[in-house]
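Here's the structure, in structure tokens; my notes come after.
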Amino acid sequence: MSWSDAVYRPFEQFIRPLEIPYRPLPTTGAMSVLWHFIRMFRGVVILMAITSMVVEACNLTIIWGLSAIVDGVTSQGVEAFVHDRFWLLAFLTFIIFPVMPIFFYVANILNSHTVGISLPITIQWQGHKAVEKQDLAFFHDLFAGQVASRLGQVANGVLQQIQIAFQSAPRFLLQIVGSVAILLTLSWQLALPVVLWIAFNIAYAIRVVPDFTARSRRSAKQNSLINGTLTDVYSNMQMVKQFAAEDTEAGALRKILGKATTTLHHEQRAYRTAELVVVSANMLLWLVLLGLGFWGLYRTTLTVGEFVATVYILQRLSASSFTFLQMGQQIFKALGTIKDAMPVLTTPPQITDRPDALDLTVTRGEIHFDRVNFAYTSDKRVIDDLTLTVKPGEKVGLVGLSGAGKTTLVNLLLRFYEVTDGAIRVDGQDLRHVTQASLRRNIGLIAQDVALLHRSVADNIRYGRPDASTTEIEEAARAAQADAFIADLRDGEKRSGYDAFVGDRGIRLSGGQRQRVSIARVLLKNAPILILDEATSALDSEAEAAIQDRLNLLMEGKTVIAIAHRLSTIARMDRIVVLDQGKIVEEGTPEELLAHNGLYARLWQRQTGGFIPDQLG
Ligand SMILES: Nc1ncnc2c1ncn2[C@@H]1O[C@H](COP(=O)(O)OP(=O)(O)OP(=O)(O)O)[C@@H](O)[C@H]1O
């Protein structure tokens, strides 16, 4: 073991963030969140406070010792003083080395190494465990980046508060109290101006800190507006250029930058003014104490040693004169950050597993929508008293105009949203009574908008079944007709074939290729219920015909619900269900529906280029 392992490892392993069991965050305010983590880290933060205070006590002892040495040497001469006060000198030496450096070192490691690393990691890990329980609607309402940055903000906010409360504040408090106490032992006239100076600084901090906090929030808002605008423009650059809108966008950005400059100037004005006030009060304290010191020396009420101690104390106090403001500001700012970010971490999820939820067991694969009602917002029903039974192994095509509620119905079956009224049952088991994970394990979904992770193609296919072997992955890719293009893949890091990365959200693949990877993934998953949301929409006719064969293979023996925008793709379904404004308006085989001459027949006639129109005029 190297020396650095021996020294640092105990501090690094003091807390193991990933082994702390998950505890839900309190929802009652920023202070309770803070308290939650203080309790979690109580041992180490108390140790941090104690070691910091020992460091400060060493400092005060040295000041006191210095005054005794100067006085002794000037009155007795060096030799007599050393002889007389040997043990005092030995004690001071022991404090200066090794006590002070050891405690200084331990306090700092606890602060930056143990707490500084473990606490944010713990908060991010536990925060993630809270966030992953949120239902899909939560992520739809927020930007993904926003959720991630809020986690980081809470982590920093809590860390700052704990560092202030258990390191800076106790140290500073002891410094102030100790300095006043030493000055009081010298003369109350010296202590009085310091007490007044402290009172002034506290009063001033109380007055200006709320204003500082408001200003810095305004600046932060302006800065994030700049970043947001730039990100929005850069990520939509193709559209901006297409509309030759560079100048318009630059004009909008100019306005935002101009406003931000003024806000930042105003923030700095407030800071600089406060700085002037604090520095002036500081200098005034110097003048008064030096004046009193000289007066004391002149009147011989003060010894040279005491005068030296006064100057030393003065020097240390004035060096920390900004601490009042800084600490006040940090506390306010961090509390604000925690408060802002809390809803992300503490909003209780709307859809949860019941404590007595069982795993869904699919024996036949019957799906029953029983008088289902659903509304995203309370005023508008999207699914309206819908009853539908999909028999085991039946293939049902869902057809309807845009906005009819087809995707919503599928989202309800996946329990991404909860039915407002009625029930959905799979093989007689109410979805609300089974675990969400078991439900989703039993449903394979091929969506229109295929999501791929920025990982290798093999890993993306393996997502369907994490324990699948390489051979199984390759077989699935072959069945989905993805093997040929995968063999040609090469990424920027020179990985090729199945190891090649697909780019952010699969950007390096064409729409059709992404869809084939997603088909391979679902083939591998081999779930008894299959949902196809216009599964072949991104493929050309030739590839579609090839894939359709594979899909037919995949659908064999499974219960299938297929949403179609091209009626040709669902011609082979057992039954077509036509939705309109959340209601079933027609159902039957394609032939029956055509003969019926209703909405389906009109959609069929109006199909242009094979697609259902958005509206019937
Ligand atoms: N997350 C949401 N929040 C609020 N309203 C929504 C949400 N998702 C969909 N809607 C609304 O619900 C209605 C049905 O939408 P849905 O996506 O189910 O229709 P669809 O039949 O699948 O349409 P398309 O064929 O265009 O995909 C629409 O009016 C839509 O605006």
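Numbers run from 1 along the shown chain.
Backbone N, Cα and C atoms are what each Cβ position is placed from, and that goes for glycine too.
A TrEMBL annotation is a machine prediction, not a hand-curated record.
Residue ranges 172-188, 308-324 are listed, and TrEMBL annotates 172-188 among them as transmembrane segment. Outside the transmembrane segment (172-188) by six or more residues, the chain places 53, 56-57, 59-60, 63-64, 194-195, 198, 292, 296, 301-302, 306, 309-310, 313, 316-317, 320, 323, 327 with a CB less than 8 A from a CB of the stretch. Within the same chain, residues 38, 88, 91-92, 95-96, 99-100, 103-104, 106-107, 110-111, 114-115, 162, 165-168, 170-171, 174-175, 178-179, 182, 305, 308-309, 312-313, 316 sit at least 6 positions outside the transmembrane segment (45-66) and bring their C-beta atoms closer than 8 Å to a C-beta of that stretch.
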